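Contents: one structure, followed by commentary.
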Amino acid sequence: MRCVTSFVVFCILMFFVLNIFTVEVKAQRLVPLCKTIGYENPGKCPADGNKFCRRKLDDRYVKYKRCDCQDTKGRKQNHHRCICYMKLPCNQ
């Protein structure tokens, strides 16, 4: 019983000690989004893949500097994925 009481008292003291020393943490600035990755679509990239991706992901609020079309293979079928960059260089 003596050990249990000592343990409870120790835990309460540690709780108070840890709450006395508060540390202020500055909020980190959010890194602006640089890259947008589209969904996987069936079929291969067309001949004008970059322009195709730009048309597909283009938005009136966001202007992309560059878009790439990448061919991928999944479940024995061809797919393509569009990746567009809002600013260059995109260091993430």
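Cβ from N, Cα, C; glycine included.
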Cysteine from CYS34, CYS45, CYS82 that Swiss-Prot links to CYS53 by a disulfide bond: CYS82
- prompt: Can you tell which of CYS34, CYS67, CYS69 Swiss-Prot lists as bonded to CYS45 through a disulfide?
  reply: CYS69
Query: Rounded to an integer, what is the Cα-Cα distance in Å between CYS34 (disulfide bond) and CYS53 (disulfide bond)?
result: 16
- line: DSSP, reduced to three states, assigns CYS45 (disulfide bond) to coil
- request: Note down the number of other Cβ atoms within 10 Å of the Cβ of CYS67 (disulfide bond), including every protein chain shown.
  value: 21
- prompt: In this structure, which of the disulfide-bonded residues CYS34, CYS84 has the fewest other Cβ atoms within 10 Å of its Cβ?
  reply: CYS34
- request: Mind checking which of CYS45, CYS82 has the fewest other CB atoms within 10 A of its CB? They're the disulfide-bonded residues.
  value: CYS45
